[in-house]
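For reference, TrEMBL has these:
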TRANSMEM  12-36  transmembrane segment
DOMAIN    14-453  domain 'Major facilitator superfamily (MFS) profile'
TRANSMEM  48-69  transmembrane segment
TRANSMEM  81-100  transmembrane segment
TRANSMEM  140-162  transmembrane segment
TRANSMEM  168-188  transmembrane segment
TRANSMEM  200-219  transmembrane segment
TRANSMEM  231-250  transmembrane segment
TRANSMEM  298-320  transmembrane segment
TRANSMEM  332-352  transmembrane segment
TRANSMEM  358-385  transmembrane segment
TRANSMEM  406-425  transmembrane segment
TRANSMEM  431-449  transmembrane segment
């Protein structure tokens, strides 16, 4: 019940097209990690701090542009927003593949992230539009679960493709993106935008700058030193940006994130839940990657395969657990999911050691975290989107997605801080895992006891 469609379309066809875009975006959040060494050798760049910008530029741009892009999608219509984002993403992927040096590659990664930022909230807007009320919750659960597939397959597919050439991690997006764009142009329902709701330029720039600076602080703060002058200066800029954004929302007649959106039932609480949960998700995912590669010495492909079982469970739990969630209620499911997730992470602190017995030590925890994510994220997205104003569906979904991205950045930064503060070795990971499990239990409180907001 968001934007009005001007013609009917098969909901399954819509989901199939949307799934391609969501999966491609998810791939590119994870697939590049396993290719950094090959990229470094190919372009003649050896400094890890410089190479990290292949990852950081995408993450910062994606998080910063999600909300403005969602607002643009509400203005021009979800179909137009999705197809435009998909085409930008696809063309930028081709440009990334043929980049001759690091600077060019980073520049096109920024363009690629901009396309993804427009594509993702638009895709959820299409799902909300295309499915009837009785099946909309299940569709949103499936949409949310697709992110788990991207997280699972990204490192594995990347590990295979780099055996041929690192450029294929970008080229693989091109035929898939073009096909999805052509099919989407023909099959996706035309949607009516809301041109009267164009975002104000000042408000949009303030939000982009604040989110970008915040994610930059979280990404590079540990390298700069958390008490360094640079870090404290950037932190002060973030605080100032938050204050200016609050002032802009209060003063503007039509702010980029309106008060009616923030007052929608469940929206604010689910934004907080997604933020808190993705702090522990980000810490968990990086910690197990570092454990498998640095402690056990596994290859990038082996690490990807080791991570895959958990994320692969997410869409199955999201879809086939829907009846269970409806029985106990979404908030109870979210709380239960965070507890299951916490148990999975804590199991590594107890079981993992120098012995490389994956099935006995890491696999059980990966499966439990997969079940936890499959309960928490889809249920939070369904509840958060359940009462969005009709003309703000993409903007609302973008705010929820931004909460997820900022949470992951916080979790990664916190994990790095914990690991670097401890003597290197298994004990450092045990401390990090216990802390992650504890914060996951605390995050469950955000879903309890609030029936409306």
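Every residue gets a Cβ built from N, Cα and C, even glycine.
Just so you know, TrEMBL annotations never went through curation; they're auto-generated.
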Quiz item: Is it true that the transmembrane segment (431-449) and the transmembrane segment (231-250) have 3 or more Cβ pairs under 8 Å, skipping pairs fewer than 6 apart in sequence?
Solution: no
Quiz item: When you scan the chain for residues with a C-beta under 8 Å from the transmembrane segment (48-69), skipping those not six or more beyond its ends, what do you find?
Solution: 28-29, 32-33, 36, 39-40, 81, 85, 102, 105-106, 109-110, 112-114, 116-118, 120-122, 199, 204, 207-209, 211-212, 215-216, 219-220, 223, 256-257, 395, 398-399, 401-402, 405-406, 409
Self-check item: Recorded stretch, among 168-188, 200-219, 298-320, 332-352, maximising Cβ pairs under 8 Å relative to the transmembrane segment (140-162)
Solution: 298-320
Exercise. Output the single range from 12-36, 81-100, 200-219, 231-250, 332-352 maximising the number of Cβ pairs under 8 Å to the transmembrane segment (406-425).
Key: 200-219
